[in-house]
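Trainee: This structure is in structure tokens; I'll ask about it shortly.
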């Protein structure tokens, strides 16, 4: 069963009939407190005097030497009053007994947790501050390099490979653009040949005198249109493969190159800051800055080395993939063009089968996903 907690004596202030505070309970508390403490501790007698409501003083605490006779020995079990017990409990909560046995009084206050919840706004503000500082340093480094005042880290072998890659990308884009133009023109020619063949076939039926002549030309134009569609399929396959190589594979490598260049600029910016601090005086104010700059420089150096290694690996794999893809596509393009203009229809169809190219039948839509199931 839960017991009722004793009422705090400070919560009730008895008042007499003439408006003055009744201090009989305060004297009773002092008497109970003296009885509850063992004798011979050298305590001083404390008297608390409270004045009426009309007094200008809030309270007077008078302390003096204890003049009374020693109290008789008390029994081992004492039963102080509820008021005295509650006061002693409140005072004891502010005492901490360390291992040495001495009591140290501590001030009660709000409890502060060690792991405080960080303010999201302060975290965002800190991120913005770091980003602004990093952007300022990188911009200063770029301007210094443009003006020829700052130094930059250069990997001659890697820079040469990157320049070759960018130059090849421009040339491949030109080939891709010309192949797309050829495909568009060939499509228009095939469309025209098909229409011309239909016109010759119609005239062969209506002109009895020229039936055979119109029929020969109709068959020739239809055959050219069919071979043109086969060649168009080969050219479109060549365009799709080169487009994947240029706009996906090479572009992905160039994105890694851009990240490498950004890491290089950051590395040079923090390297310059560290060099400037090392050239300056070393005292209590600059040493922490030098240590912090050294830490940031080391972190960006590791990032720069990692990005340089990634670029080297990607350039190596890109070169192998590029040779394999372009070899197959160039063989396909040559064989298809040669067979078309030689009029070798079988060779042209064999070339498409060799590279697993399926032609789309004109006028027939692709099957829906339900039909494929």
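A Cβ is built for glycine as well, from the same backbone N, Cα and C atoms used for every other residue.
According to TrEMBL, the protein has these features:
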| type | residues | note |
| --- | --- | --- |
| COILED | 155-182 | coiled coil |
| COILED | 290-321 | coiled coil |
| DOMAIN | 153-353 | domain 'AH' |
| REGION | 1-27 | region 'Disordered' |
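Any idea what these are sitting next to in the structure?
Mentor: Same-chain neighbours of the coiled coil (155-182): 235, 238-239, 242-243, 245-246, 250, 253-254, 257, 308, 311-312, 315, 318, counting only residues six or more beyond its ends whose CB sits under 8 Å from a CB of the stretch.
In the predicted model, residues of the coiled coil (290-321) average a pLDDT of 90.
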